Amino acid sequence: MTTTIRSGRLSSWESFCNWVTSTNNRIYVGWFGVLMVPTLLAAAICFTIAFIAAPPVDIDGIREPVAGSFLYGNNIISGAVVPSSNAIGLHFYPIWEAASVDEWLYNGGPYQLVVFHFLIGICCWLGRQWELSYRLGMRPWICVAYSAPLSAAFAVFLIYPVGQGSFSDGMPLGISGTFNFMLVFQAEHNILMHPFHMIGVAGMFGGSLFSAMHGSLVTSSLIRETTETESQNYGYKFGQEEETYNIVAAHGYFGRLIFQYASFNNSRSLHFFLAAWPVICIWITSLGISTMAFNLNGFNFNQSVLDAQGRVVPTWADVLNRSNLGMEVMHERNAHNFPLDLAAAESTPVALIAPAIG
């Protein structure tokens, strides 16, 4: 009989695997973290350099470059990493595809580099959340909640440009660029009249309201463990088994403030609701962005309301239509893209008789 005795010394690979998957590290790395760290570092470094020093980008593909960096006159509000050129469209445009670095910069190559590495990095962040939960024996709902902002990022940085046919339609990486993206999105897709966007607004404002209500109710029903001269926060010890607040008192207060069944009497179902409400609403909003990417737009009321005599009855829809047209004609004003809403009307003759030539 042969007995194999293995040396107690671990190989370099085994030591690396143990370090990556160890939950005793101050910051958990994980296998997803091995990919997350370099991709997010690449995105952050390229974003910083481009925000400071990138030359103007021919975003519309008409040889009229738009400057977005500090060195070309912008500040923290107006600056942005400008999306890649409309001349590139949906082509993958790494630096080796350009004839020179100058051409790559002129066509907005840094935008694709930042966005693609960022999307890979945040996907790895989600995987790392699941991985750490798995190692600790926790349930996986943290990464499920994180999937809501993840879906929003994919909607505006990937799905919308794909649906529109060019990465130049992606959201610029800057403050004013984000607002410009929002205004153009409203002008072209009437997002404010899309029910999925309305659900997202309810999720954001509702989530903020529920969070404030929950925090204030808990803070108002703490079980006093200290004297009047001490802070109530000293009455809590990290890891204690006892409840730190009286859920019965909070339930009774809120049930009388509104009505009985508006208040939760189960702490677990309450916290599930606090997590599920904004997450599901953001999922639906991301789905709305993804459908509008392919021009399945919000409701429109292009035909005004008329009375019995055929006169226009002014409504809020008319105001919204006019504002949309105004934003649309200001967008890409030098690219000669006339709004289809205006171009679809009958042409108005400017001369009764065509002049004779010669």
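Don't overthink the numbers, they just go from 1 along the chain as shown.
Each residue, glycine too, has its Cβ placed from N, Cα and C.
Here Swiss-Prot flags His117 as chlorophyll a ChlzD1 binding site, drawing on sequence analysis. Under the heading pheophytin a binding site, Swiss-Prot lists Trp125, citing sequence analysis as support. Residues or ranges marked as [CaMn4O5] cluster binding site by Swiss-Prot: Asp169, Glu188, His331, Glu332, Asp341, Ala343. Look at Swiss-Prot and you will find His197 tagged as chlorophyll a PD1 binding site. According to Swiss-Prot, the feature Fe cation binding site maps to His214, His271, an assignment based on sequence analysis. Sequence annotations record features per position, and here Swiss-Prot assigns quinone binding site to His214, Ser263, Phe264. Among the features that Swiss-Prot reports, site 'Tyrosine radical intermediate' is placed at Tyr160. Residues or ranges marked as site 'Stabilizes free radical intermediate' in Swiss-Prot: His189. The transmembrane segment annotation in Swiss-Prot covers 28-45, 117-132, 141-155, 196-217, 273-287.
DSSP assigns Ser263 (quinone binding site) to coil in the three-state reduction, placing it in neither a helix nor a strand. Around the Cβ of Phe264 (quinone binding site), a 10 Å sphere holds 19 further Cβ atoms from the protein chains shown.
Between the transmembrane segment (273-287) and the transmembrane segment (117-132) there are fewer than 3 Cβ pairs closer than 8 Å, counting only residues 6 or more apart in sequence, so the two stretches are not in contact. Highlighted in sequence order, Met213, Leu217, Ala250, His251, Phe254, Leu270 have their Cβ within 8 Å of the centre of the Cβ atoms of His214, Ser263, Phe264, the residues recorded for quinone, and are not part of that set. Away from its own ends, the transmembrane segment (196-217) comes close to residues 250, 253-254, 270, 273-274, 277-282, 284-285, 287-288, 291, 298 of its chain (Cβ-Cβ under 8 Å, at least six residues beyond either end). Comparing the recorded positions Trp125, Tyr160 on other C-beta atoms within 10 angstroms of each C-beta gives the minimum for Trp125. Listed binding-site residues: His117, His271, His331. The one with the lowest count of other Cβ atoms within 10 Å of its Cβ is His271.
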